Amino acid sequence: MGKNKKEEAIFLRKKITLLRAFSLLIGSMVGSGIFISPKGVLKNSGSVGFSLVVWFSCGLLSMFGALCYAELGTRITKSGGHYIYILETLGPLPSFLFLWAEFFAIRPANSAVVSLAFGRYMLEPFFAPCAAPVPAVKLVSLLGYYTVLTLNSWSVTWSARLQTALSVIKLLALALIIVPGMMLLAQGHTANFQDAFDRQSLVVDKLPLAFYAGMFAYSGWFQTSFVREELVKPERNIPLAVIVSVITVIVGYMLTNVSYYTVLGTQDVLASPAVAVSFVQRAFKSLISVVPVLVALSCFGTMNGGIFTFSRTLFVASREGQWPPLFSMIHIRRHTPLPAVMLMFPLVTAMVCIGDIYHLLNFFSFSRWLFIGLATLGLIVHRLRHPELHSPFKVPLFVPVSFTIICLFTVAMSFYSDPVNISIGCTMVLSGFPVYYLIIHRQMSDRCRNLFYYLTHKLQLLLEVVQQEIKTY
């Protein structure tokens, strides 16, 4: 009986190896960002030279953040990423505010941006040289997102395998941009780098928006922290995966941007709705129908990685008592967190239908970097509170201190750069205060609690999900 019970236990399996962790990180970082962010970085930095400085600085900042999260992942043994780190270090109120902003602003807007990029590049070969119709782009974007939702509801193994395959395609897409660009640069095509650091075009108060666009392209270095409980040998594999993947992406992004500027002038980049397509039209016309599809598949991989990890955030939050318990349940046969996966469906659909890529980007970046800065602040607090705790991986103190200061300073400066979208994002965060005190801090009445449990039970039967067996951490 004991053996049968063990075999039938329902919980998330440890199926993410070092290779899959590396693929998850590469697949999440290399996506729509490198193909849409060059325009945003260049527009807000003012020149080719300063844009390359921003790209490298964003990569260095991402490495600092990745190292901080690698240490947090060895100190705190639960999945959940930013949420669980803020909860364990700063307390329940900040963690709930993050969860509130993540669900209603950060994640759906981020997913909408990637989905729209997927739709735009997928349709590009069919409508070139004209732009694809906006309704068609939105329709294809939603179809791609729904496909990824279905896959993540069906199988953890297959979604992880797909991520591995798409990571290879992402690197191939970058290679098809880097190799022709480097060949042309070696042949002396350096005209676009003349007067690269034009100070007259630099607008300092727009630099936070340039960093937002650059950091969006690198975002994904924290994804292994969301699936910590599903990682094989996490103490060893988390630091290894984040260091190797971030270095790989920094090198790839710098070479890609140099290739862009070798072929395209400043005005070409700013006028292009799809930079990678404009690059191929100029440099490698024989691949005009191939590269957009590879870029679309890269975006598809980013969508897959985002859904795969965000569902774990809701899963852990409901287990910690800050989200409805239905979302801590997993399917009895598929062993996937089905309710958590499906929860994003209506919000992403709405944002894809009404949103614009660059407005959505500024809107969610404020909240994301505010809470990432708070999470690394939590690492400093955790070290001070628990000096006796041994961590198998530890970074120098200046790394979390400098990363936290830069994040919070950039967030503060962005109010001046884009007051409308940033104010909306700030309002979204602050709206979580009354929700926390009315629902989480105060106890519900017995009548409301009974009704809530009744509805949860009915949905549990409908979705065929059960509570995960809680393990000892």
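The backbone N, Cα and C atoms fix where each Cβ goes, glycine too.
Please treat TrEMBL annotations as automatic predictions, because they have not gone through curation.
Features as listed in TrEMBL:
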TRANSMEM  21-42  transmembrane segment
TRANSMEM  48-70  transmembrane segment
TRANSMEM  82-106  transmembrane segment
TRANSMEM  126-148  transmembrane segment
TRANSMEM  168-189  transmembrane segment
TRANSMEM  209-227  transmembrane segment
TRANSMEM  239-263  transmembrane segment
TRANSMEM  283-303  transmembrane segment
TRANSMEM  338-360  transmembrane segment
TRANSMEM  366-385  transmembrane segment
TRANSMEM  397-416  transmembrane segment
TRANSMEM  422-440  transmembrane segment
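Sequence-remote contacts of a segment are chain residues at least 6 beyond its ends whose Cβ falls under 8 Å from one of its Cβ atoms, and for the transmembrane segment (366-385) they are 65, 68-69, 71-72, 75-76, 82, 85-86, 88-90, 94, 97-98, 101-102, 105-106, 110, 212, 215, 219, 222, 397, 400-401, 403-404, 407-408, 410-411, 414, 421-422, 425-426, 428-429. Most Cβ pairs under 8 Å to the transmembrane segment (397-416), among the stretches 82-106, 209-227, 239-263, belong to 209-227.
Here the transmembrane segment (48-70) sits against the transmembrane segment (239-263); at least 3 CB pairs are under 8 Å, leaving out pairs fewer than 6 apart in sequence.
Residues of the same chain lying 6 or more positions beyond the ends of the transmembrane segment (209-227) and with a Cβ under 8 Å from any Cβ of it are 16, 21, 24-25, 27-31, 33-34, 37, 39-41, 43-45, 51, 54-55, 57-59, 61-63, 65-66, 69, 72-73, 79-82, 84-85, 110, 113, 237-238, 241-242, 245-246, 249, 253, 302, 305, 308-310, 312-313, 361-362, 365, 368-369, 372, 410, 414, 417-418.
Long-range neighbours of the transmembrane segment (21-42) within the same chain, counting only residues 6 or more positions beyond its ends whose Cβ lies under 8 Å from a Cβ of the stretch, are 48, 51, 54-55, 113-114, 117-118, 121, 160, 163-164, 166-167, 170-171, 174, 209-210, 212-214, 216-221, 223-224, 227, 231, 237-238, 241-242, 244-246, 248-249, 252-253, 256-257, 260, 266, 269-270, 272, 274-276, 295, 298-299, 301-306, 308-309, 357-358, 361. Contact between the transmembrane segment (338-360) and the transmembrane segment (168-189) does not hold: fewer than three of their C-beta pairs are under 8 Å, each pair 6 or more apart in sequence. Same-chain residues lying 6+ beyond the ends of the transmembrane segment (168-189) with a Cβ under 8 Å from its Cβ atoms: 26-27, 30-31, 34, 252, 255-256, 258-260, 262-263, 276, 279-280, 283-284, 287, 290-291, 294-295, 297-298, 301.
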